[in-house]
Ligand code: PGA
């Protein structure tokens, strides 16, 4: 198995104090685990400096992530943050296409593909979230949905798009629901994703990872990470509780 990559998506959560508490425990833990696992925290970007100051410089396998980015480089886009700005403050991984943004902010596949393109221009690592709704699952449409979400990235960014990037397979019905995909379901789709990306790129792809996300806990993490095509996790709630976060990293390394 390759070194797993675990990304915590804090969403709209966190305070200066909660970050200090979280890092107090994470800091010591990462000293032992830094060779076994790459850990990324995607916290609200305004707290990035604080996290950097408290932890970042001393840990080679710990990185900062963002939860979103604008699909423009600069200009009259009130409230937005550009890929260059993220890079400028030391962010390395950027989640795009999370279902909460697709549904709450009506982000389209094309907008997401434009974000992907701009991130690559800045040498940032896109973490592209894809996955089906409950209805689409019932209609047996998961593969088509995932394929469509991937295809627009190829259209906009070209055949090399997925070098140095991550696809997080996140079934929408599993996010925040306490019902994760089974290890077999996750593997089936992750296997499809890998095979599809390889077939499109004629196997000329480097540093491409597939994560699973959606109700991962310390109890199901081990069975899911053992699947052949799952290289790590995108965690929501589990990344807010330091004890749970650490327990997941420990179980997958046992
Ligand atoms: P969850 O969220 O782990 O709380 O289900 C996952 C996500 O939103 O990426």
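The chain as shown is numbered from 1 upward.
Using N, Cα and C of the backbone, Cβ positions are placed for all residues, glycine too.
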Please pick, from 48, 74, 215, the residue that TrEMBL records in the substrate site together with 9, 10, 11, 176.
215
Drop a 10 Å sphere on every Cβ of the recorded positions 11, 98 and tell me which sphere holds the fewest other Cβ atoms.
11
Out of 10, 11, 176, which binding-site residues lie by ligand 1, with a C-beta less than 6 Å from some atom of it?
176
Taking the Cβ of residue 9 (substrate binding site) as reference, which residues of that chain separated by at least 6 in sequence fall under 8 Å from it?
42, 65, 67, 95, 98, 213, 234, 235, 236, 239
